[in-house]
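K.L.:
Annotation source TrEMBL lists pyruvate binding site at T49, I207. Per TrEMBL, active site, proton donor/acceptor is recorded for Y139. Taken from TrEMBL, the feature active site, schiff-base intermediate with substrate covers K165.
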Amino acid sequence: MKDTKFRGIICPVVTPFDVNGKIDETIFRREVKYLLNTGIHGISPGGSTGEGAALHDDELTRLVEIIQEENANQIPVVAGIIRNSTQDAIRAGLAVKKAGADALMVTPTYYNVLVPDNAGNYEFFKSIAEDVGLPVIIYNVVPQNEITPELFYRMLDVENIIGIKQSVGGIQAFYKMKLMCGNKGLIYSATDDMLYSTFALGADGAIAAILTLFPEQCLKIWDFVESGDYDGARALQDKMYPIWQIISGPQFPRRIKQALQFVGRYSGYCRSPILSASTVEKEKLEVLMKEL
């Protein structure tokens, strides 16, 4: 049976770094407070938007602690785990569990020459789910190590594996995953430019970067679809679409942070080697953000 506690808009949160690459806890806390006040259904540090692959375990743990200091267990905290070995993922998972995380969002391993086969992926997620003992959402984002609907269907028989964030393959891959596995597990949209469409197709929620920039609007899209107001949902999606076309792609956290700055939510720098947004990116974003 699906765990509806984790249904809805689970908003990623950026990790603000200073010019020397140190996490700015003051800015992070301010951003967390902002997001919590919008009425989101869950919050997720340490994913792609939060540059989770660049975070040490102690840094990720501290982010979870700060969130729970502000959140006080009001909504679920889903900690991103981006690691390249089973042991590292379990260690990080246990650390954030102790800090107060309610669930994990775990990527498959991503280093090309060490990508496992289906049996290895099954054991990877099974070991994390069993050894950490928290609900696990698979973050299906690695093109060279994609979790197929057939494999995910098997994984749903493992205790604590509850859902999948479908990022690779676009809306077609999302729908295939939904058709095959939607009766057993939670299927989250991460198709930022097609939130309305995936919600209409039965997504159990979204965990996507566009939520970070537009939490209120994305909540409205979700509520519109839930209430059957598809015209209202589509109208909001249409407004956000051009901005996401600029933000999406490699190094997108730097463009998210730049866009946040344009709406008064300064979020610091990215961690090296990701540089700040280019002049061209800034100019395009500024024009579109003003229009919105």
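Using N, Cα and C of the backbone, Cβ positions are placed for all residues, glycine too.
In TrEMBL, annotation is done automatically, which means it is predicted and not curated.
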K.L.:
Are there any residues in the same chain, six or more apart in sequence, whose C-beta is under 8 angstroms from the C-beta of I207 (pyruvate binding site), and if so which?
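P.N.:
Same-chain residues close to I207 (pyruvate binding site) (Cβ under 8 Å, separated by 6 or more) are I10, C11, P12, G42, S44, G47, V78, M105, I137, Y139, K165, Y188, S189, A190.
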K.L.:
Can you tell me how many other Cβ atoms are located within 10 Å of the Cβ belonging to Y139 (active site, proton donor/acceptor)?
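P.N.:
If we count other Cβ atoms within 10 Å of Y139 (active site, proton donor/acceptor), we arrive at 27.
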K.L.:
Which secondary structure state does DSSP assign to the residue listed as 'active site, proton donor/acceptor', in the simple three-class scheme?
P.N.:
strand
K.L.:
Same-chain residues six or more away whose CB lies under 8 A from the CB of T49 (pyruvate binding site)?
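P.N.:
Same-chain residues close to T49 (pyruvate binding site) (Cβ under 8 Å, separated by 6 or more) are P12, V13, V14, A209, T212, F252, P253, I256.
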